[in-house]
Amino acid sequence: MAAEALAAEAVASRLERQEEDIRWLWSEVERLRDEQLNAPYSCQAEGPCLTREVAQLRAENCDLRHRLCSLRLCLAEERSRQATLESAELEAAQEAGAQPPPSQSQDKDMKKKKMKESEADSEVKHQPIFIKERLKLFEILKKDHQLLLAIYGKKGDTSNIITVRVADGQTVQGEVWKTTPYQVAAEISQELAESTVIAKVNGELWDLDRPLEGDSSLELLTFDNEEAQAVYWHSSAHILGEAMELYYGGHLCYGPPIENGFYYDMFIEDRAVSSTELSALENICKAIIKEKQPFERLEVSKEILLEMFKYNKFKCRILNEKVNTATTTVYRCGPLIDLCKGPHVRHTGKIKTIKIFKNSSTYWEGNPEMETLQRIYGISFPDNKMMRDWEKFQEEAKNRDHRKIGKEQELFFFHDLSPGSCFFLPRGAFIYNTLTDFIREEYHKRDFTEVLSPNMYNSKLWEASGHWQHYSENMFTFEIEKDTFALKPMNCPGHCLMFAHRPRSWREMPIRFADFGVLHRNELSGTLSGLTRVRRFQQDDAHIFCTVEQIEEEIKGCLQFLQSVYSTFGFSFQLNLSTRPENFLGEIEMWNEAEKQLQNSLMDFGEPWKMNPGDGAFYGPKIDIKIKDAIGRYHQCATIQLDFQLPIRFNLTYVSKDGDDKKRPVIIHRAILGSVERMIAILSENYGGKWPFWLSPRQVMVIPVGPTCEKYALQVSSEFFEEGFMADVDLDHSCTLNKKIRNAQLAQYNFILVVGEKEKIDNAVNVRTRDNKIHGEILVTSAIDKLKNLRKTRTLNAEEAF
C-alpha cells in the first residue's frame, strides 16, 4: 500500500509539473506568434515546434492522468480492505471483553436508528456493490478535476477577468474558471437565481454551477422555456434512475426527457416492474429530493468510463457505439453516476413535486431481437399548482381518449389477428370517407390530379430512391419468383415513376399528383397505440413537381390549403421554417434560392412563424406545422417539404422554355391531414366525441311520441337517409319519450327530431339538439334544406346556427 501511495504521489507531482510546462510553452507560442506578426521575414520555425511539444506533453498527461487514477483506485481499495480487517479485529476483541450496558439515551437513539433503517429497507430493496465501486472512482476523478481547476485559476492577474453580458443588457465582471452563471444571477437578484432552471452560455446550455471559461453572453432560462423544461425533466429522470437502482438493483439504460415528463429504462434480470411498486419508487424519489443532492459534472476519458461502467453492458454499448470522442461527461447526484451530456439543475431539491405514474416494457433501442427492458414514466414541476393542473389535464385527456370514444360510439376496433391495422365499423367508415371527400373537394378547387399507384414494388425501386438503405427494416418485405418486393411505406417513389414515364415540358408544370394509396410500415408491436401509431394507414399524400421559380407560388397555395382545412376543424396552428442542415446535399445556390422563396411565402401568408436554423432535412428545407387541439396539446400532421434529391436519383427532367431538355424539377412533398387514421384520433379527442354536424356519425335521431307515429317516424328517417344523412329512428317500447331523448343526446346525435300526431298531420318535425336547445316545429323539407346547407358549409356550431 505504501508503494502504491508513493507511486500515486510521484505521478501527481509529475502531472502538475508538466501542466506548468504546458502553460509556459503555450505562453512562448503566443509570444513567438506575436513576434512573427511584427517580423514576418524572420525565422518562423519555433512556433510549430513548440505547438508539437505542447501536443506531445498533453498526450502524455492524458496517459498520466489515467495511470494516476488507476493507482489511486488501487490505493483506495487497499485502504478499504485494511479498514475491513481492522474493523473485524476490533469487533472480535469487543466480543471477547465485557461491554457496559448502553445508557437510556443511547438505547433510545439506537431504536430510532433501527426504525429509520427498517423504513428505508421497506422501500430500498437492493444496494448493489457496483454503486460503491462507481462512487470510489468518481471521487478520485473529482479530486483530479479540482486540481486542474486550481491550476487554471492560478494566474491571479488581470487576464483572469472576464465580461459576462446578460440577456437583459446588463454587464457583469467575473473570473475565468471561477465565476458561475448562478453567481451572476445572484448578483442581479437572488429571486432570479432561485427561479432559474438552467443557463445558456454563448448559445450553449450550461450548468448553473459550472465555471465560465471566458467572456460570455448569458441567458437565464426559467421553467416556462421549452429547453429549461427539458433540462428539468432530464434531471428528474436521474432522480428516478437513482431510485430504480436502489429499489431494483438493475442496470440503467436510457433516461431522457420527453414532450411531457421523462422516463428511465432498466434491465432487470428475470422479472418485470409491477404498477403496485410505483408508489414506493415515488417515495424514494421524494426522499432524494429532500436531500438536495448536488448535480456534479465531470469530463472523463472513454477508457476510464468503460472501467467505471464495466458492470453495465448497456452503458458500455453506448460508449463504444455512440461516443466518438476521446472524452465525454458523467453526472453524479447522490449515489447515482450516469453517463450523460447534461446539463442539469443545481441539485435535486429544485424538483419541487414529482409523480411516478406509468410503467411498460420495451426493447433495447426498440429492437425486438434485443433485451427486454422495463420503462418507468414520471412527471415533475416547480410548484404544486402545476402538478394539480397536470393531473386535471390527464383526467380530461383520459375521458377524451380516442380509443375509449371509438369503442363507446362503435367507430372502430383492433384485433390481435391484424395488429396495427384498424377495423372501421360503418360509423367510423363514414367519418373516414367524409374526411377524404372533403380533401378531394379541395383538390378539385386547387388543380390537384388524383392518381392511383401500386401497393407493392420490387426492392430495386427503394434502392433507387435511397429508402432501402435507411428504411428497409420498417418495410414489409417478401419474395416473389426470387425477387424481393415490399409493401410501399410512402408514395413519392411511385409518383416519380409517373412523372418519368414520358417526356415532360415546362408548359405542364406544376404537376400536382394526389394519392390516397394504402401505406404499410412495420412498426414495432410495443409502439402501436390506437390510431396514432399503426401499421396500415392512408395519407392525403400529394407531390408537386415544379420549377425552382414556381416554388414560392406553390408554397403559398399549400399554406392556403392547410389554413382552409384547419379552420374548418377549428384548429389553430404554428409554423416553423427549418433551413439547411450541416449535412445538406445539393448546390448551396439552390438551397439559398429555395429558402428565400419559402420565407417570402410565409411573409405573404400573414400568419406568425419561426425560424429553425439547420433543422431541415438533408435533401431540402421544410415548413413544420403543428395544430393545437381543444385541451392545448400540439400535434404535427401537415408536411410541406422541398426535395432536391429524388429528382436526381430518378433522373427526372423536363424541357425548359429555352429548350434545355435536362432541366431538373423540384418536388414538394405535401400532406394536410397526414395519416387519415391519426387525424381521426386527434379529431375524436379534440371534440371529445361531440362531432361537428358535417362530420358526425350520428347526425339525426327521429323519435316517435307513440306507436301510432312509428310509421311516420320511419318515413321521416328514410327521407333524411336518402339525402345522405346518418339518420336513425328509436322504436324501443321499453323507454319513455324523455328517456329516448336523453339517450340520443348522450349518444351525441346532433339533432333529435320528435314526431307526434301534430307533426304527422303537418308533415313536420319538432327539432331539438344534443345540448337541449329547442328549435321547435319545422317542415321536413325545410329541415332537410337547412341541414344540407349546414353540411355543405361545414359549420362548426350547426346546432346553434340551425
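Backbone N, Cα and C atoms are what each Cβ position is placed from, and that goes for glycine too.
Annotated features in Swiss-Prot:
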MOD_RES   Ala2  N-acetylalanine
COILED    3-23  coiled coil
COILED    76-96  coiled coil
COMPBIAS  86-98  compositional bias 'Low complexity'
REGION    86-123  region 'Disordered'
COMPBIAS  106-123  compositional bias 'Basic and acidic residues'
DOMAIN    157-222  domain 'TGS'
MOD_RES   Ser453  phosphoserine
MOTIF     786-792  motif 'Nuclear localization signal'
Spatial neighbours of the motif 'Nuclear localization signal' (786-792) far in sequence, C-beta under 8 Å, 6+ residues away: 693-694, 699-700, 720, 723-725, 751, 778, 798, 801-802
Secondary-structure category, per DSSP, in which Ser453 (phosphoserine) falls: coil
The domain 'TGS' (157-222): DSSP-derived helix, strand, coil residue counts: 17 helix, 24 strand, 25 coil
Mean per-residue pLDDT computed across the coiled coil (3-23): 56
